[in-house]
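Let me begin by presenting the structure, written as structure tokens, before commenting on it.
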Amino acid sequence: MDNFLALTLSGTTPRVTQGKSAGFRWRWLGHGLLELTPDAPVDRALILSAGIHGNETAPVEMLDKLLSALFSGSLTLTWRVLVVLGNPQALAAGIRYCHSDMNRMFGGRWQSFAESDETRRARELELSLETFFSSGHARVRWHLDLHTAIRGSHHLRFGVLPQRDRPWETDFLAWLGAAGLEALVFHQAPGGTFTHFSSEHFGALSCALELGKALPFRQNDLTQFNVTSQALSALLSGVETSTSFSPPLRYRVVSQITRHSDKFALYMDAQTLNFTAFAKGTLLAEEGDKRVTVTHDVEYVLFPNPSVACGLRAGLMLERLP
């Protein structure tokens, strides 16, 4: 299985759907779904996903290189792994999504959207995770969901962690730092993301890794993510990662800006970078007689997008943690 990405993009089912490789067994579970199981018993399970948004190609190319290393035998596998390419049709078309944003649909929220390829895919991915986690007895469960941002950022690489009732494990946060993440953003409320679903329903330690900016296939400079690729390789092979890194800055979400109608106006231009700071009292957005302003001494914007569909998030405002 050395052509997983090509088969997924072409919508082709391989003639052989399972087999053995260097130290592990593999199974094709469907387009964009590949299960890897080490020959030796392991108590660790990992979801490694990318392409939930079809225009975010750098992480997909990174996963393709990791799979090539595993199947060539140059990289050892020490986790049960489910590799997920989230939205194959959007990836093939080079667009963010075909109908609706899948990363708002998980946890059954797909039922509130008009039926589409994305709603069906969200349901399929939910069932795939349920099957994957229920078929093993993993003591450790991780989910790394790889993305790129629409906009540039003051932090080239950062992580977004879902709301979680239990404390985050220090080794997981340390690995995120070793993977080159410059900042970690902690959600304070539930959401429809893939990472929130895996965390809430299966107790996985989950993070969306935002790596650079969205570009078409073959236009990505993957060298800027070498530290992340090396950390992923070390993780898969069970090798300790370096501890000589600066701890990521930490932020928490303090509010969400939502577009409700065509009267919505977001007062940030197209050049506003993620993590741009705004002082207390700054007018951020207006919609009719509703005004959104900064309420803390300093807040930082994340994912500003004035053209989202009505009812969706047009941005998050963050507060820096000590």
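Here, residue 1 is simply the first one shown, and the rest follow in order.
Glycine residues also receive a Cβ, built from the backbone N, Cα and C atoms like all the rest.
Copied over from Swiss-Prot:
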type	residues	note
ACT_SITE	Glu210	active site
BINDING	His53, Glu56, His147	Zn(2+) binding site
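Feature map: Swiss-Prot annotations on the structure.
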{"residue": "His53", "record": "Zn(2+) binding site", "DSSP class": "coil"}
{"residue": "His147", "record": "Zn(2+) binding site", "DSSP class": "strand"}
{"residue": "Glu210", "record": "active site", "DSSP class": "strand"}
Run through the Cβ atoms and count how many others sit within 10 Å of the one on Glu56 (Zn(2+) binding site).
27
Among His53, His147, the one of these binding-site residues whose Cβ has the fewest neighbouring Cβ atoms within 10 Å:
His53
If you measure from the Cα of Glu210 (active site), which of the binding-site residues His53, Glu56, His147 is the nearest?
His147
Using the Cβ center of His53, Glu56, His147 as the Zn(2+) site position, which other residues in that chain lie within 8 Å, going by their Cβ?
Ala50, Gly51, Ile52, Gly54, Asn55, Pro59, Arg96, Leu146, Thr148, Ala149, Ala214
